[in-house]
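K.L.:
Would you mind keeping the following structure in view while I ask a few things?
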Amino acid sequence: MSTGLTANNGIEEFGTIAVAMVTPFDANGALDIKAGQKLAAHLVSNGIDSLVLAGTTGESPTTSLEEKIDLLKAVKAEVGDSAKLIAGAGTNNTAASVEMARASAEAGADALLVVTPYYSKPSQEGIYQHFRTVSEATDLPICAYDIPPRSVVPIAPDTLCRLAALPMIKAVKDAKGDITAATTLIAETGLAWYSGDDPLNLPWLSVGATGFISVIGHLAPQLLREMYTNFNQGNLEKAREINAQLAPLVAAQARLGGVSLAKAGLRLQGIEVGDPRLPIVAPSESEIEDLRRDMNKTGVL
């Protein structure tokens, strides 16, 4: 638990450092339950206190509800109460999101991550009604995922304030990156705030975020924990040093995308989770060599 400089709200529901975990597949492209359990145990034993399953990095668009729930149950059996399990329950279909939320709750999820409906481009009232409907489907706390590059439509500040009044909306995963606007919203809404973009993890802590939901955490879980701990304890110079150390991984993620980065990087570390499903593709040999270089620079290979 945070006791220093970082914000405390949301820790009991969502933890501090989460990894948006990949969904492992075997050589035939089928769900690999054992690999998922192994990866979850590895991340938790290296400082991660929360796992997001069936999110964007978990290839939610190309996995079935049955696969999502099977992985959630298996990871729950593996890690127990040693980490919070946040289940992705966001689609651009409100009824489908409700179904996913209820199934995840029954399977043992601790919380839900619900993204702004993508592709449909709903109005702000539509966004509010979507989140309200999903939030009333279970008694699990919800982290609202604001990511305009994927959803096109952002969650407007007024809408966030309305969402904050709903009993089960407890947090925001911010991949919008407008720290200036969010600084006011953090204070006004009382919601727990989580960085949803690895380049901004440290800056977000400085304005009141509780933690971050990371992709590069697959490859550098201990470094992320060390950066968080040093910031929390007031060792800002060390926190900045670690943040700079992570920069090559951030650059690699920008080049490859989160799924391809995480799966290829884990393979280089000896943790096999298979290749992505189409339309995501694995990196080329030259891209893997560039990734190897970046991982060596970061000290995680």
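Here the Cβ of each residue, glycine as well, is placed from N, Cα and C on the backbone.
In case it's useful when we look at the structure, here is the feature table from Swiss-Prot:
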ACT_SITE  TYR145  active site, proton donor/acceptor
ACT_SITE  LYS173  active site, schiff-base intermediate with substrate
BINDING   THR57, ILE213  pyruvate binding site
SITE      THR56  site 'Part of a proton relay during catalysis'
SITE      TYR119  site 'Part of a proton relay during catalysis'
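Describe each of these features in terms of where it is and what it packs against.
P.N.:
The Cβ of TYR145 (active site, proton donor/acceptor) lies under 8 Å from the Cβ of GLY55, GLY90, LEU113, VAL114, VAL115, THR116, VAL172, LYS173, ALA175, GLY196, each on the same chain and at least six residues away in sequence.
Counted within 10 Å of its Cβ, the other Cβ atoms near LYS173 (active site, schiff-base intermediate with substrate) come to 27, all protein chains included. Secondary structure from DSSP puts LYS173 (active site, schiff-base intermediate with substrate) in a beta strand.
Cβ neighbours within 10 Å of ILE213 (pyruvate binding site), excluding its own Cβ and spanning all shown chains: 30.
Using a 10 Å Cβ-Cβ cutoff, THR56 (site 'Part of a proton relay during catalysis') registers 23 neighbours.
Within the same chain, residues at least 6 positions away in sequence whose Cβ sits under 8 Å from that of TYR119 (site 'Part of a proton relay during catalysis') are ASN92, VAL152. Look at TYR119 (site 'Part of a proton relay during catalysis'): DSSP puts it in coil.
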K.L.:
I'd like the Cβ neighbour count for THR57 (pyruvate binding site), meaning other Cβ atoms within 10 Å of its Cβ, all protein chains included.
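P.N.:
Its Cβ has 24 other Cβ atoms within 10 Å.
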K.L.:
Would you mind pulling the DSSP three-state label for ILE213 (pyruvate binding site)?
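P.N.:
DSSP assigns ILE213 (pyruvate binding site) to strand.
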